[in-house]
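Worksheet for the structure shown next.
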């Protein structure tokens, strides 16, 4: 990025149709309430198809049977995905029992899907159950407001830090930031909770009448763990502690991973450091970053609308100065911090007050009763006896948190009995995929259904070369939107077409470097052939402690992405 040649603060031109839709929606109401009563279709029509996203839902259909239904002259089997707002991924065991029952009784697939944004999703909610799901969430103190579309999404927070005391403080800030940046419209309460319409006019002092130009993602991260992948986010607060006490945050802005195949105006980007701020300025700074992006973000081209592009267009110093002006502060220099890893610590970890945390590996976050491994039933039984909380991690795993010593063996026995503590290889622990087929409308290639068998094959390659007990951060995402965060992996696969992927290499273990495309549009056998050769070289030629991604860069196999706006596509 060149500070010498900044672009315009505001992009002039014809606004995208999404801007019209938001402006005409009457603060996100549209005609959703009327549409709910239309029994002629299982989906939402017109603008409502997009407006429901502001209410935490996506309209999907089962793509496995789409063609078959079309032949039968039937509309696609529409069903909604609903994503809960759950700052920091913390959910009580009482809440868990209620959502478990809803998934079993009222969804097509009967599963709960943990996401890498520390929340859970229901897939396969029929239109008749859409209002009941919101009312169920409300009954246990939860909601789905602002978990999709052009708002500040679910706020992440490091799940299982080495400093347990810091978690409670950081988590409280994640909740405060989430609440502060929520939309103020009463549309959600009116439509889903049957709350009375109030005569006063809606106002959106932070988000504005047309909300943000694009999705906006926020994290609170506690070093040395980068489990939440801060560089995938628009705004990250890095916790800085003195003597075990939180004193403030380093602010990083402008990360983001989504691209469009072949569109060189799009690129993945790591976040930029702005500076340190004391705790008392946190909410003002969060608001200032969001409102600057609200006012300066590109509303003419949604492919170029995220904060990372705004930052590149206007220049880092210009954006930073505007945030300082709006927040009424001057950033202090960045305080020292370091990341050493981003995987979850599977198994028992002792926390403060003699309590224990049990991190359970949930492959791809899909909670279901599998043959011989009834995971969903096991978690329900643990929820019944555990008085504490569960924490959903950004690696799609689940922590049974704050277990007293007296309960530890009971919880462990249940986890063992239900297959929740089966041995897992380091490679499988460090592999992740997005949902993709059959429910995601954007999917170009398999991801969640592809990953388990693909990991088996990668493990065989690693064992062949004598590195079977080690790991490489592996991510698969079904399309270039990048929900699987492949653009921060050492090996990243990005779906291009059924059975075909772009292979990216050169990220690192701590998630601070964007990988570059190594081969384009290749099949699984071709991917494995490349990995066989490269993992073999890594095993023989690496330096002590050198990760696979760092090796591919040092050995000249791949050039590092140093300035994504300029060299991502080179």
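Keep in mind that glycine also has a Cβ here, set from the backbone N, Cα and C atoms.
Swiss-Prot names 434, 479, 483 for binding [4Fe-4S] cluster. Of 157, 440, the residue it gives for the same site is 440.
In sequence order, 116, 440, 447, 448, 476, 477, 478, 483, 484 make up the list of same-chain residues 6 or more apart from residue 434 ([4Fe-4S] cluster binding site) whose Cβ falls under 8 Å from its Cβ. Cβ neighbour count for residue 440 ([4Fe-4S] cluster binding site): 21 (other Cβ atoms within 10 Å of its Cβ, all protein chains included). Packing around residue 483 ([4Fe-4S] cluster binding site) is summarised by its Cβ count: 22 other Cβ atoms lie within 10 angstroms of its Cβ, all protein chains included. For the [4Fe-4S] cluster site, the Cβ centre of 434, 440, 479, 483 serves as reference, and the other residues of the chain with Cβ at most 8 Å from it are 435, 436, 442, 443, 447, 477, 478, 481, 482, 484, 495.
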